[in-house]
Amino acid sequence: MAQVAKKILVTCALPYANGSIHLGHMLEHIQADIWVRFQRMRGNQVHFICADDAHGTPIMLKAQQLGIEPEQMIAEMSQEHQQDFAGFAISYDNYHSTHSDENRELSSLIYSRLKANGYIKNRTISQLYDPEKGMFLPDRFVKGTCPKCKSPDQYGDNCEVCGATYSPTELIDPKSAVSGATPVMRESEHFFFDLPAFSDMLQAWTRSGALQEQVANKMQEWFESGLQQWDISRDAPYFGFEIPDAPGKYFYVWLDAPIGYMGAFKNLCDKRGDLDFDEFWRKDSEADLYHFIGKDIVYFHSLFWPAMLEGSNFRKPTNLFVHGYVTVNGAKMSKSRGTFIKAGTYLKHLDADCLRYYYAAKLSSRIDDIDLNLEDFVQRVNADIVNKVVNLASRNAGFINKRFAGKLADHLADPALYKTFTDAATSIADAYSNRESSKAIREIMALADIANRYVDEQAPWVVAKEEGRDADLQAICSMGINLFRVLMTYLKPVLPALTERTEAFLNTELTWDSIEQPLLGHQINAFKALFNRIDVDKVNEMVASSKEDMAAAVAVTGPLADDPIQETISFDDFAKVDMRIALIQQADFVEGSDKLLKLKLDLGGETRQVFSGIRSAYPDPKVLEGRLTVMVANLAPRKMRFGISEGMVMAAGPGGKDIFLLSPDNGAQPGMQVK
């Protein structure tokens with residue numbers, strides 16, 4: 001009896017729309033795509049969707065920095081993301097955005113149902129507020145000194161030096177990462193999702209046996225420490241969806257982000273017309289729903305998301321498929337080393353199938369980190385795909401094309417060997433189905449070794465020279481081609497581009513069920529190179545290009561872009577400049593000038609008068625009095641209509657309000673020379 005086709009909805013975590021896709025992201029999308037392609041080969045009805053996560057403070061602020069509207073920025077980023085995923089042959093049925101009408105409607109619907117069911121609580125909270133920008137600050141937008149280890153320049157939620165976690169209000173000398181201002185405490189009414197109300201349901205889901213053991217164990221730790229109500233609101237200004245009947249309040253990005261899965265599918269349903277949204281999302285849905293995610297967002301997907309769905313009368317996920325991080329050459333991806341590689345940069349230098357294969361050869365169903373060792377990457381791809389698989393076709397196709405006009409023999413030379421290959425279909429299918437692609441690859445490569453050993457032993461290049469053995473030659477080479485066909489059928493979920501070229505060469509589609517019948521008396525096409533070896537130089541160029549990419553990115557966003565470093569001077573030229581520490585004794589407005597301040601500077605025994613164009617940044621000049629600064633002391637006096645300026649104080653910044661007077665470190669005294 002034929003197996004009934006399953007209806008499956010598969011998602012990947014939504015990439016954030018404020019940055020490019022890199023090879024760390026690609027692990028998840030490749031893993032999911034391999035699984036989806038396998039399920040489709042097995043006859044299941046799979047809908048594969050994703051979207052850009054397009055809301056939140058970081059996107060709002062980055063758009064401001066770029067001088068464009070957030071809508072323009074996320075549209076441009078979506079185009080780049082989709083181009084990268086297409087380059088890696090990720091077979092999405094729909095790629096959407098959380099900033100969509102569908103997502104707005106569904107977010108409002110879910111919120112309204114949660115509120116009607118008593119799961120939304122209101123309470124007033126105190127949080128840090130940036131008085132210059134007029135906005136409440138997320139934890140990651142507050143920086144200061146760690147209250148535990150006293151390390152400076154740490155985020156408002158955890159210390160990257162000692163690992164401590166804390167509230168942003170505990171930071172020593174906190175500053176807004178947006179404006180540099182000292183934040184103040186302000187109260188605001190926020191809306192909370194009552195997550196603890198779903199504790200029993202979530203614990204039962206955890207114990208159901210569906211989740212990965214590592215995920216279930218981690219969830220148990222969270223249950224033991226106690227679930228907390230979840231703040232789902234943010235105050236204006238915020239780029240996102242305004243909460244119904246709550247002017248100036250917006251849904252927190254992590255509320256509408258997972259709803260983006262639903263929004264992307266709803267958009268697909270509306271486009272197609274033959275899909276029923278409710279069939280996949282209603283409470284009693286019999287369809288399967290799987291989320292591929294990284295281990296860093298398990299908390300949201302294993303607790304908040306199923307609870308939100310339960311509380312709003314939608315179905316829960318069938319399962320979460322969680323993976324680890326990507327390291328490169330045994331270390332965290334590094335911009336300085338060129339191992340922080342963007343997907344687009346990779347595609348300019350290498351074939352997407354190479355990375356797909358390497359990740360597949362390392363992935364399992366466990367939440368283990370994957371190391372992309374670039375040397376091993378080159379060796380494994382060349383050894384496995386080129387030397388073992390593609391070489392099997394090239395060793396045999398030449399004889400078939402030249403001696404037999406491209407026609408395969410009408411019988412198998414070794415039916416028992418062929419059956420060994422087709423019998424492996426069950427265990428390889430089980431491996432793919434269970435997301436054990438590394439196990440599948442090991443089995444496939446073991447078969448490839450057997451196939452090549454068969455060709456070595458039969459030695460068609462010797463048979464070709466012997467009189468009267470044409471039939472043997474055709475049978476041997478046809479056997480090799482048929483074994484190649486089986487191998488490529490098993491590799492089809494992993495290597496879509498190579499599969500397409502292989503199908504053109506073999507003049508047949510590769511399907512899982514068709515391998516039971518070998519190609520007999522079949523016409524193949526002329527053999528053309530199916531796959532190129534990885535050139536180490538190309539990998540090195542990619543790494544070098546990644547360094548250049550990051551250098552360019554820094555230049556674009558940093559002050560150097562607008563104010564490049566000037567021509568090199570000699571040390572003797574620099575030595576002529578005499579810079580000294582100066583104490584600002586007095587600072588006053590200059591009558592008749594809206595740009596200048598008049599400063600009286602003490603150099604430790606000598607007093608100077610200096611006119612400085614810093615008034616726009618210091619509207620109250622008295623705040624400068626008593627402060628140490630740096631001045632050029634041997635600059636020739638300059639006669640101005642307001643008086644004589646006897647030097648120059650040092651400041652940084654582009655101008656206007658963004659002028660920053662330089663100050664020396666503690667211990668410096670007036671008159672000291674700066675060297």
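One-based numbering along the chain as shown.
Backbone N, Cα and C define each Cβ position, glycine as well.
Fair warning: this is a prediction, and the values are worked out from it, not measured in the lab.
Features as listed in Swiss-Prot:
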| type | residues | note |
| --- | --- | --- |
| BINDING | C146, C149, C159, C162 | Zn(2+) binding site |
| BINDING | K335 | ATP binding site |
| DOMAIN | 573-675 | domain 'tRNA-binding' |
| MOTIF | 15-25 | motif ''HIGH' region' |
| MOTIF | 332-336 | motif ''KMSKS' region' |
So what's the average pLDDT for the motif ''KMSKS' region' (332-336)?
-> 87
Report the DSSP secondary-structure composition of the domain 'tRNA-binding' (573-675) as helix, strand and coil residue counts.
-> 7 helix, 47 strand, 49 coil
Out of C146, C149, C159, point to the one nearest the residue listed as 'ATP binding site' in space (Cα versus Cα); all of them are binding-site residues in the record.
-> C159
Taking C146, C159, C162 as the binding-site residues to compare, which has the smallest set of other Cβ atoms within 10 Å?
-> C162
Those binding-site residues listed as C149, K335, and which of them has the most Cβ atoms within 10 Å of its own Cβ = K335
How many of the residues that make up the motif ''KMSKS' region' (332-336) does DSSP mark as helix, as strand and as coil?
-> 0 helix, 1 strand, 4 coil
